[in-house]
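J.: Annotated pyridoxal 5'-phosphate binding site per TrEMBL: T98, S99, F126, P127, T128, D129, D197, H200, Y220, W250, T276, in sequence order. According to TrEMBL, the N6-(pyridoxal phosphate)lysine annotation covers K221.
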Amino acid sequence: MTITRADCVALDADDPLRHLRDEFVLPEGTIYLVGNSLGAPPKAASAALTRVVQEEWAGRLVGGWNAAGWFDLPETTGDRIAPLIGAGPGQVVVGDTTSIAVVKAVSAALRLRPGRRVIVSDLENFPTDRYMVQGLVKGLGDYEIRDVRGSEGLAGALDDDVACVLLSEVDYRTGDRHDTAEVTARVQAAGALMIWDLCHSAGAFQVDVTPADFAVGCTYKYLNGGPGAPAFVYVHPRHQNATEHLLSGWHGHAAPFAFEPDYRPAEGIRRFTVSTPHVLSFAALNASLDVWERVDLAQLRAKSTALTSLFIDLVEELCAPYGLTLVTSRDPERRGSQVSFAHPDGYPVMRALIDRGVHGDFRAPDVLRFGFAPLYIRFTDAYDAAVTLAEVLEKEHWREERYRQRLTVT
Ligand SMILES: Cc1ncc(COP(=O)(O)O)c(C=O)c1O
Ligand SMILES: Nc1c(O)cccc1C(=O)C[C@H](N)C(=O)O
């Protein structure tokens, strides 16, 4: 084999981020390549949750809203996420879920482009992004969705009717990454607004959100905020006071504790909050953001591309006879921190692999996904995962009937 396990041991020893793995709880014997779905728990999360329950909730009771800063968590936490996506203070707010954030961003964009009735949506977008826009259009009436496939499909889709375009920087299935600067410039040149879904970007590499009009993303994948961790919304400063979104909840009101009968939006990013923040979820997320403060994002990207390139090379070498097709771009610039391979029996192959301690996931119809969270995945993990995948394919372990039984969540 061209690359040996000893080479990978050496790469791990040279990895400037290697100490960060110790910050996470990872079960012995598990190679966890699903950080692109749910990140691993930071060791500090458990103590952070206990502290918030005991000191803030039990200790201060309702006083926690003031004394523990609960009311301002959406903004204070947004300011901590901002540097990871290239944004400044007062440009990001945290709360709700990505699906809700999509409604906020798209509805705010539509109000900025009165007279334009079209929302461009990618057929490859994660389904909830599409479903939320479909629901919005049904509710608002008088708007239409123009479907495209990938940013290539945009060419013929941009005209004077388009109000906004919603795309994911990194495709959840293929792992491919758009050239956001180029696409954003094209969309804006057509007079439309650009909204990026950064779910598979934030924490995978340094994002530059600044050319975008709006962006949304979750914090439970590469950012390791925990299951159900709140989402974020970025709003370019030029738009913040110029528009309103559809979900006019009381935390986004100019004077929430005046209890006025009618909605008046707060100034600035605050108006993109909706209602009561999930304080316990913020505790876990903020424990993770403490780790992120110590991460050099250039080193993160270098490690990510090295890991994904290594995995592609190894799988192509070891699994050549077994019917896998690389789905993700070979160009490291054009991919996130994920590698996908297609296989006609992808589902049982992935179940057999997980049974042998290598956790990836499967996306219909035939995609095996492998996420490489650079904070805690080692080069030896990539090596061992490729060797185990080759074994599963060579020995045809995946043919066992039990691996065909579908679980509810894949
Ligand atoms: C690109 C993308 N957008 C949105 C979501 C869903 O967001 P949520 O269920 O947190 O609203 C996911 C994953 O679940 C995703 O991968
Ligand atoms: N958000 C998820 C959920 O609520 C259940 C199971 C998985 C998820 C995920 O995050 C999946 C992920 N967005 C994907 O890229 O497929």
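Each Cβ is built from the backbone N, Cα and C atoms, and glycine gets one as well.
Because TrEMBL annotations are produced automatically, they should be read as predictions rather than curated entries.
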J.: Round to the nearest Å and give the CA-to-CA distance linking F126 (pyridoxal 5'-phosphate binding site) with the residue listed as 'N6-(pyridoxal phosphate)lysine'.
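T.: Between the alpha carbons of F126 (pyridoxal 5'-phosphate binding site) and the residue listed as 'N6-(pyridoxal phosphate)lysine' there are 14 Å.
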J.: Do any of the recorded positions T98, Y220, K221, T276 touch ligand 1, in the sense that the CB is under 6 Å from one of its atoms?
T.: T98
J.: Please classify the secondary structure at T276 (pyridoxal 5'-phosphate binding site) using three-state DSSP.
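T.: SS state of T276 (pyridoxal 5'-phosphate binding site) = coil.
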J.: Would you count the other CB atoms within 10 A of the CB of Y220 (pyridoxal 5'-phosphate binding site), including those on all shown protein chains?
T.: 25
J.: Between the two most separated Cα atoms in T98, S99, F126, P127, T128, D129, D197, H200, Y220, W250, T276, the residues recorded as binding pyridoxal 5'-phosphate, what distance in Å do you get?
T.: 30
J.: Which residues does D197 (pyridoxal 5'-phosphate binding site) neighbour through Cβ under 8 Å, counting only same-chain ones at least six apart?
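T.: Looking at Cβ-Cβ distances below 8 Å from D197 (pyridoxal 5'-phosphate binding site), excluding near sequence neighbours, one finds T98, V102, N125, F126, D129, L166, L167, S168, E169, A215, V216, G217.
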J.: Please give me the CB contact count at 10 A for T128 (pyridoxal 5'-phosphate binding site), counting all chains in the structure.
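T.: By my count, 15.
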